[in-house]
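This report concerns only the one structure given below.
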Amino acid sequence: MSSLTLNGVTVNFPFTPYDCQKDYMSKVIECLQTKSNGVLESPTGTGKTLCLLCSTLAWREHFKDTISARKIAERLGSEEMFPNTPLSSWGTAATDGDTPTYYTDVPKIIYASRTHSQLAQVINELKNTSYRPKVCVLGSREQLCINQEVMRQESNHIKVHMCRSKVSTRSCVFYNNYEEKSTDKDLVNSILDVEDLVKFGNKQRACPYYLSRSLKQQADIIFMPYNYLLDPKSRRAHNIELNGAVIIFDEAHNVEKTCEESTSFDLTPYDIASAIDAVNRLLVEQAKDVSCGDSVSGDFNVDSLNSGLKIEISDIAKIKQILLNLEAAIDSYDVPSDKGITKPGSFIYELLERAQLTYSSKTAVCEALEQIIGYLSGQPGVFLNTSGLQKLADIIQLVFCGEPSEKERELQMQSNTAHFKVHIHQDTSYNKKKQNTDVWSSSSSKKKGNILSYWCFSPGFSMQDLVSQGVRCIILTSGTLSPLSSFTSEMRIEFKVSLENSHVIDRDQIFVSVIDRGPDGVHLSSAFDRRFVPENMASLGNTVANLSRVVPHGLLVFFPSFPLMEKTLEFWRAKGHADRIETVKPIFVEPKGKGTFTEVMDGYYSKVNDPASKGGTFFAVCRGKASEGLDFANTFGRGVIITGLPFPPRMDPRVILKMQFLDEMIRKNTSKLKYLSGQQWYKQQAFRAVNQAIGRVIRHREDYGAIFLCDQRFKNSDARAQLPSWVRPYVRLYDGFGNVVRDVSQFFRVAQKMRPVLEKKTVAESCDTLSLPDTRSSGFASCSYSQSSNTQKAKVLDTHLPSLKRRRLNEQAGANGMARICIEYECEVKESQRRPANLLDALEQGDHGIGEDDDAVVGEEKANRLSTLSLQHDKRMDDEMRGGKRKIRLVQEQKKTRSEENKDSRAKTFLAEMKKSLSQVTFECIVQALQTYKKSDNLDALLTKTTVLSEDANTHSLLRGLYQFVRAHHKQRFDEKCQELTGQGCGYKPDHSLTKDKKTALKLHGATDSQAAVALDSPSGTSNCTQLNTQQLNKGGPHLNQQGLGGPQTGSAPKSEVHAAFLADVKKALGAEKSAQLFQAIYSYKKTDNYENLVTTVVSLFTERDEDFNLLVRFGVFIRPHHKKQYKDMLDSLVGQSDSAADVPALSEDLQRHVPSSPILKTQSKISNFFSSSQRK
């Protein structure tokens, strides 16, 4: 825990803060001390939330301390309680010098973010600090209610009214218990988010919704979604007191939109028709009750009271008349189908007055509507849609806000509507509306009519409303608020404090380039007149395909809109660009709806995490879910491609009116505050969406990534000036696409060497890992799902995960590369059974742990000393990223061989014997010499130190015993020296000079040749496999001659030579790791005879690159006779030929060079079809 003083306030921080974090906290405290509004931008990954919480809560504690100091001073009079620390040093600025000050004056902190999931992350950050304030999180009944009868209701407002009904009659057992449980220590003294609150409520059988409201009274900090603050009706419903409060809007880039939407509405023909239907139903019911009784008798009144309806039937009829008049007034306008009618905001009062809705009647109408909705919501039986009535009640509250006197009414109406426009337009979607879900709705609800829209065009309207409530200050903060000047001018309140913070990353962690031309030299642009030009779409496809090859792991591609993404993808699929991308990085597509989004994301995360894959490509949309709050840390987002500028739809009526409104404001403006022009706002919307998408790439201090701006308009200096301040210094302009590829390849090589973190994990490892090493960084969440469940989910998502159609065979095989094989084997080895990997390691461990095994890659001595499995895998992945030689052991058995055990046993016995035979000093000298030799590889120094053993005939055997610790390249010299000194050698043989790598290679070649080629064909080990007569090729023909499988062929090459040549080609083409994966598949095939598993692995390895396809043909030498036909049929289907070379085991070098390339291009899709059909069988 670090402690620092900023502006006289002591802040406790979980670690030593960076400079940018100190700057940020200083600005926050400045806002709080001076009662000034602030707009603070700090990039994602700079610990913004933690800084905000620590600085705010530190200032609040300081405020309370100042009050305590004042109270003490009042008791002491003029005396100083602490002479060395006078009262003036206690920070009177915290309370602004006001006297007297009471503890009730300590401001509440209201912390608002966009969603409850974001608030849960904030509350989790709070738990990591030393501060323990009283906390409350506000939520709706939708999130907090645990009464199943209420939660079964479809509509949210029905839930509200049913809840109120149960509360008023005390018929909810959870509500009845909440008061007793509201003082529970576990509740009051804990920091709980919404999920924790619901768990507590279920456990204690107490209502979480009313518990949260009771906690609000005593809370120091209140968390809520920011529409609770900005929407006046939500603010009233939750009884949020703002006077003197500090309001913080986190993720404030969305505040502008929320402000406008919370005070706007669209009243559709369906809304009015459903309201009339509901009132009609109630009138019929009440009329029956009246006719059954003696007119309007006392009994009727009692029944009405008991049923909850407390209004006369005549008042219900008046409500119906208001609805009919309102419908007629809206439909009286003859609106052109292509555009609507726009009126000033004040026109809304004129329109509503025609339906008898005025300031004078608003209270009575609202009360009647509340009564009717409450009564209908509580009725058992068939569900009745009351959403139209609820909407009308909300509209009246919004339009007729305030309680002006008769004289002030006109002025109030002008003030209320200054930032609004009324727009009446045809309902073009009337035939698609939800009214069909209500089977009882009348035909009137299906009629075509006009929509009444009342749109707010200034977020300042809501902000000024907050200021008028007497708040202490408002702080807006986010990672993407740039450009700040245009953002603040929209808010219409003064921001005295502002900050555009720098990032915590270094220059080598970010690469930003403007790509104005594709690889083919065609200009890239998403402008309206260029976006669907075939040349432009093809060039963009080539650009993405090429970048997918140089960006490691996860690549994000953002499009300006869903329609543009869909049309571009359709073009790429038709022209082959999608296949090129798919071959390198499987494609995942952001869906429009909410339903499958989580599954698509899980599929993407799983693919990037898969050590056997090269990563994945995620296609998303600016302003979509993926661009907002999702975490693409580390390997999940190494690159972001922006394919264009996401301008709002220019012909949308709301966009047109917004631009016109801003231009009007500039003409009318008489204040000092500056307004944006319509054109400036239009540009701002595009660049703010771009900046939000760019923010996905760097998520914490140690993260790194590349940003590609693929639109020629980014070359303009004005466009680049709109980018975030932390990005602008790194933007590079290029003349040619080749230079971009060259530099970004170099960037990732350097970044991976300088920051060799664990790039990919197997599922088992990522689940076992508890935390990332750097607690400052907001690393990606731990894995909580199994690979099999992810694969199962993703199988039904082929529309958005086309990669799973083609790559599914990898996952069905269950083989995720050698790392997975080694991990699964190593997990089964108990710690107590581990032994050193080589004799020098056994020596180094000495008395501390002789005999402990360490399963590291052969030859990597540092990795051998690591004690945990995850760190060993880190080391392996680090070496791969550095481009070093990868030496991966193929685990074929789950037990050590007897020879390895004997070797380890001999080493232990020898060391123990030497310790007994020699003095302590001599033994330590020998051990030191061996350790020095291990580090320096200097044999002469070892021989010098150990000559003492040659002086006595009794120790000659000890000198020769050191032979086992000598490295392979020194064994011959050591043997000769022993012969010279003792008259007897160490039993040297030429193969002792072979390194373990060479021995392993010989074993692999030998074992694979003999086992895979000889023993595969039959359990008895006899081989029936025939070889290709390379002399009998079809002269000039496209295919090879095929011969029977029976007899031998004259002139054929020996099997060992064919196999050796093939294995050498495999290692050269695939690399060590994938070669080992292939050898493991062959070995499993030998033991299980499982053809499907073998072919699944083989096809996935040999079809990733077109040039490897000939290896798939040559692999026929390893197929057993009873599977030959299946293998031949598979190859025929892949290459599209009737007579392939499937059962011809090997190709000559000449023919391999002339394998036709055209059929291979179709390989990937044919593989998909082949395996999908075989699975159906």
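Each Cβ is built from the backbone N, Cα and C atoms, and glycine gets one as well.
Now, the feature entries from TrEMBL:
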type	residues	note
DOMAIN	7-323	domain 'Helicase ATP-binding'
BINDING	C145, C163, C172, C207	[4Fe-4S] cluster binding site
REGION	1032-1053	region 'Disordered'
An 8 Å radius from the center of the C145, C163, C172, C207 Cβ atoms defines the neighbourhood of the [4Fe-4S] cluster site; name the other residues of that chain inside it, in order.
R141, I146, N147, V150, K166, V167, F174, Y175, Y209, Y210
Once near-sequence residues are set aside, which residues in the chain of C172 ([4Fe-4S] cluster binding site), 6 or more away, have Cβ atoms under 8 Å from its Cβ?
N147, V150, C163, K166, C207
Test of understanding: give the count of other CB atoms lying within 10 angstroms of the CB of C163 ([4Fe-4S] cluster binding site).
23
Neighbour count, 10 Å Cβ-Cβ cut-off, for C207 ([4Fe-4S] cluster binding site): what number do you get?
28
Intrachain C-beta neighbours of C145 ([4Fe-4S] cluster binding site), sequence separation six or more, cut-off 8 angstroms:
M151, K159, C163, C207, P208, Y209
